[in-house]
Amino acid sequence: MPFRELADTFERIEIITSRTQMTVLLVNLFKKTPPEIIDKVVYLLQGRLWPDWKGLPELGVGEKMLIKAIALATQSTESEVESLYKSLGDLGKAAEKLKAIYEEKLKKGAMSILAFVPVKRELTVSQVYETLSRVALATGEGSRDIKLKLLAGLLSDASPKEAKYIIRFVEGRLRLGIGDATIMDALAIVYGGGAHARPIVERAYNLRADLGHIAKILATQGLNALKGIKPQVGIPIRPMLAERLNNPVEILKKVGGIAFVEYKYDGERAQIHKLGDKIWIYSRRLENITHQYPDVVDYARKYIKANEAIVEGEIVAYDPDTGELRPFQELMHRKRKHDIHIAIKEVPVKVYLFDLLYVDGEDYTLKPLPERRAKLVEIIEQTETFQIAEYIRTNNPDELEKFFLKAIEDGAEGVMIKALHKNAIYQAGTRGWLWIKYKRDYKSEMIDTVDLVVIGAFYGRGRRGGKYGALLMASYNPDKDVFESVCKVGSGFKDEDIDKLPEMLKPYIIEHKHPRVVARMKPDVWVTPALVAEIIGAELTLSPLHTCCLDIIKPGVGISIRFPRFIRWRPDKGPEDATTSQELLEMYKRQLKKLSE
């Protein structure tokens, strides 16, 4: 198939805004496309060479190399290319114009007889696709020269219009505005017999997120082949998405009165695929992130008790010394391509699993949630770092609200509420009311540090095993002359701080809660209120576990600090000099801000 057919379609699509007209153009294009190359045509329409999840290299061509390639292909100087690019503001248009000038010179015989005049051939879609693939896959020593030679050769054979779109494709600026939905509309019409085939095409794409692959099956094997599509280990499934509500009563009505309510962790959503010892991990956006999480790969090999499986969960950063969850931002350290072994130590992670999509040849996406969850529990050997997401089953709005506040207290973003009825299937690639996320519509950002009193201590884990690993902290309520718990802090301590804790706390350890202490959370060791520490956190939040300002803002809950961190000891302050509960209440109200949707 000549590449000019594709370039002509690109040009027509650029000047229209109607999706219906776009569909008509794609229908005409697909009718001309040989079935064996439909996948390549679809990828080029999407502005890519292959799906992101394959983890294959991108083109890796910068602007300077493109300018060199255009100069070589058009017998121009690089400064001429740069000058035209500057005036037009579009490198593709610059290539088109220079190519037209060059071809006009050739026609008029104005070129020197000694000049190199390449033999021009008509480009095909396959040639363009294969050449660009070779450009992308060229790596290592000498790869820049290889890329330049391939691009210059491709542009030499291209017409002016073809050159424009080749350059734009390589730049990642095709700007056609064609969505996957429009491509699926056209595929259904051409190969499926009409719009009635559209849901079948979409479901197949949702189960195997590779539209070129789906198009080729449809074009070469027919609609019945798509009807039989199941999940395939190694090809990501497009994730199911949730609607949003902030009222527990309304939420339970929406899902049928009873639901699973599970923590919505502040981490990276991950789809984990297992085939024997081979593991793939895909992000919410279906990018291959396996290399970022070699520790999760190890967990999946060990603890998924099935030969083939596709499970979903959340990868969450945590502090191994305290067990506390850490903010999503800390996972950014895992993005590095080098020294990942260092990042593993700096940012340890846990996996909280919440769904099963496929296991040992059986598609679970059409099964209701209780059945999927039961099978998930069956095939997972739960450990501290690889476990099922914390959840409850409830039909009670008050119980839902309490669990929501507990989730916030434990470092989660909120909760997910999931329908349990027989139609509660896994709707791949779809946002709907089978899942509802309940997140706070407010937050109280913590700008200032506070001074809190130690009222208890917790034994450490991991490196802190055999030592104290965290402290229970309180504010002072002068009206009642009591100390009210605010947070459990285990972060921010240096090793020497941890080493000194036994000696510091020893004079104040008591066998029971001090009579001036009001606390719901029970530490391993109670401490007489005496030591004061400066604490900072991400934000002030409401908690059913702490007693600072209990019942003042909302029945049954107090004020707490999310992601608290130790700054330093305040030996200059006595316990009654600590931040008061009233001060925390004022901070909470003053800093309250609406969260954007």
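A Cβ is built for glycine as well, from the same backbone N, Cα and C atoms used for every other residue.
For LYS264, the entry in Swiss-Prot reads active site, N6-AMP-lysine intermediate. For LYS264 (active site, N6-AMP-lysine intermediate), the same-chain residues lying six or more positions away in sequence with a CB closer than 8 A to its CB are ALA407, ALA412, GLU413, GLY414, VAL415, MET416, LYS437, TYR438, LYS439.
Taken from Swiss-Prot, the feature ATP binding site applies to GLU262, ARG269, ARG284, GLU314, PHE354, ARG431, LYS437, supported by sequence analysis. Non-local contacts of GLU314 (ATP binding site) by the CB criterion (under 8 A, 6+ apart in sequence, same chain) comprise TYR265, GLY267, GLU268, ARG269, ALA270, VAL351, TYR352, PHE354, ALA389.
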List of residues, in chain order, with Cβ under 8 A from that of ARG284 (ATP binding site) and at least 6 apart: PRO239, GLU268, ARG269
For ATP: widest Cα to Cα gap among GLU262, ARG269, ARG284, GLU314, PHE354, ARG431, LYS437 in Å: 18
